[in-house]
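The next block holds one structure in the form of structure tokens; read it before the comments.
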């Protein structure tokens, strides 16, 4: 520090922000700011008078991005409500806020920043404090934040694309080059103030981009102190916002989104982004990623780059999935086993056993004719091919994304964005009151907890996450109980209740009604648990106290995804792998909790029900997210503008126009990533049951890109630009989902669909020695896969109370399983067919998994993560950095040592002359 090394900074706890009269809570956590993190920091002595911010009247220029002098650029804006304009201005809380604000602003000016205040045009109680960073301060903090800046133009020749001959067509799918010109490429190096002459500085005003300036301004704002008590200082604009000292803090948009700025020097980047990216007319165009990155920073840019790449790759999967769906739709009428179900002489003569106790009765197999036809659309051989294709597709997607990400890392100067370059979070620094030896530098450093304390924090976090996961599983069990109870009710009353709706009667079965209502309830439970757990996950992550913003986001991402994974997918996993698997047989059914009889699958399997569940959750989630992301911000802005409307003759300045927009959430893009990764899970984990999932995802994403773009450009204030090298913790999560998807789809085909039993029947049990046909065929499949049960073997608990009029004197009924018939010496035990099917299922899973995993491994090895041309450019840039920025040290040392060397040589020569004189 500049004045005293004993100055200590303390950040308020959340409870401290509630300044209720005479009550104030303090924390004993302390941190010492080093010169490295805040080089311009100077202490204002306790009790000293603090300078006030200069106030200026609005000059009438609504598009101006400068102070009233038209020279100093506005890098950040702080908004507060003037306490002197309040009726209860003597309240101690308001006076405390005023003192803290004045001290905070004085600290900013002490650190070299320049401030100017202007009163609101709309509301006289509001004041806007404009923040400007002079050149020296910019240079200082560009070095602190290791910002990379150009040293010379890129002199490496770029290889021309072999598809250049198509440019006359493809250029229409790119943003207009007349509006968004391609930027000049430079070799860059981390900025060093002492070597300014080696950097490519054409214009000091344009050397640091507005996004860089805003990032540096926010860095200082988040660390400037606002209160002094002895040697303790409280700091950070975040806590002032939480405590109501300031109402908002944000960087400025450069113009209105739909009107060009009147200022000549304004780049109008927001306007260009809206017209060439966010406007509905540009839905078919590629994204201007370089301009997005320049305007919003690398973190926003990398998100839209990933989303665009994912959507482009989905196009191929959607085409293949749509082809599989069309194949299934066109062959549903020709399916042999579906025809047997619908045939009055086959399915009409097969009497099925009741599916619940007492109240359920016997039913004919052909009553499921329509559902068996629908099942053929999704349960066919094309689905198997598509599942294998998707397993390979996801590997290709991830590998090519790594390559594309490597290109962006180089172009956006994030190749060497290492952890030591990312500064600690203010919340972390505020609680550093323990010392340890840094394992790398072997120097003492301050940390907020001991090894034991960290272990306790992490253990508490893990325990809380596990508790909530158990809570989700409990909700899944509750929905299963609902299914069992409601199925019993629907089985007894549904058909009578639907007598008046005759056209729908044969389509709406008890199983379908149970499945749809359970899916809707499951979706509602998912959304409610999401809202509750979000608060818990943020609290746990705050308690763990990660060091950097990246660490914080990665920790929160892992917790939220584990929860969301169980929350969204648990019901799907239940239907796919648990439902109908342990039901016993009619004479000895299996009961859940000793009371509820386990529900059975449809005679065609549970695949159609899994498809229904996926459709409800994916569709409901997309609708809900769009309401949250688009409708709510738009409505809030509309209401705010209505409440603060002014006469049309008044001119509103740029900073006040931005204040009327919605603030971006603290978690930024977290929910955007989470939404897409959950969708990625639906597309990959259960694609064997729903080939249309990639099609729905593609359509959703085409809207999602433009909706997200429209939202951040038109409805939200400009975000504080942040550095990001990649998509963070989402990358390993995607890789984990991709690995799990192979096993999941193999098991869905093996255990949920009816494909393996059909193949076993076709190749083994349709011909001698098990079958009566002379050649392989699917005829007789339905009769062969339904076991026989003697109705005299019903227990008193499960015997049906009523029998239909057509039942006559039947003595047996059929049920879905592979068991020996009554009268056999091993009656109701598993038959040889069952063991053949189990063996075939296990063999299928093992073979498919090994083939797909081997293919994935080969593709991962063959496709390099970093393109050859990018590696060359990185090497060239490192070489130039070494030559230009480091060899100058050698020249300087040589220059300084030359006089010393000359003196030594002269001294040695004089000595030799003296010795020679003495000798002679």
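For all residues, glycine too, the Cβ spot is worked out from N, Cα and C.
Caution: TrEMBL annotation is automatic and unverified by curators.
TrEMBL assigns the feature transmembrane segment to residues 303-329, out of the candidate ranges 276-302, 303-329, 330-356, 411-437. Listed ranges 786-808, 809-831, 832-854; the one TrEMBL annotates as transmembrane segment is 832-854. Checked against TrEMBL, the range among 627-651, 702-726, 727-751 recorded as transmembrane segment is 727-751. Among the ranges 439-464, 465-490, 595-620, 855-880, the stretch that TrEMBL annotates as transmembrane segment is 465-490. Checked against TrEMBL, the range among 676-699, 892-915 recorded as transmembrane segment is 676-699. Of all ranges given (381-401, 654-674, 759-779), TrEMBL attaches the label transmembrane segment to 381-401. In this chain, the transmembrane segment (381-401) lies close to the transmembrane segment (303-329): three or more C-beta pairs between them fall below 8 angstroms, excluding pairs fewer than 6 positions apart. Counted over residue pairs 6 or more apart, the CB atoms of the transmembrane segment (556-577) and the transmembrane segment (465-490) come under 8 Å in at least three pairs, which marks the two as touching. Each residue in the domain 'Anoctamin dimerisation' (66-289) has a pLDDT score, and their mean in this model is 84. Where the transmembrane segment (303-329) meets the stretches 465-490, 510-533, 676-699, 727-751, the count of C-beta pairs under 8 angstroms peaks at 676-699. Counted as Cβ pairs under 8 Å, contacts with the transmembrane segment (727-751) are highest for 676-699 among 465-490, 510-533, 676-699. The list of residues near the transmembrane segment (676-699) in space but at least 6 beyond its ends in sequence, with Cβ under 8 angstroms from a Cβ of it, reads 307, 310-311, 314-315, 317-318, 320-322, 324-325, 328, 378, 382-384, 386-387, 390, 394, 561, 564-565, 568-569, 572, 576, 607, 610-611, 614-615, 617-619, 621-622, 730, 733-734, 737-738, 740-741, 744-745, 748-749, 752-753.
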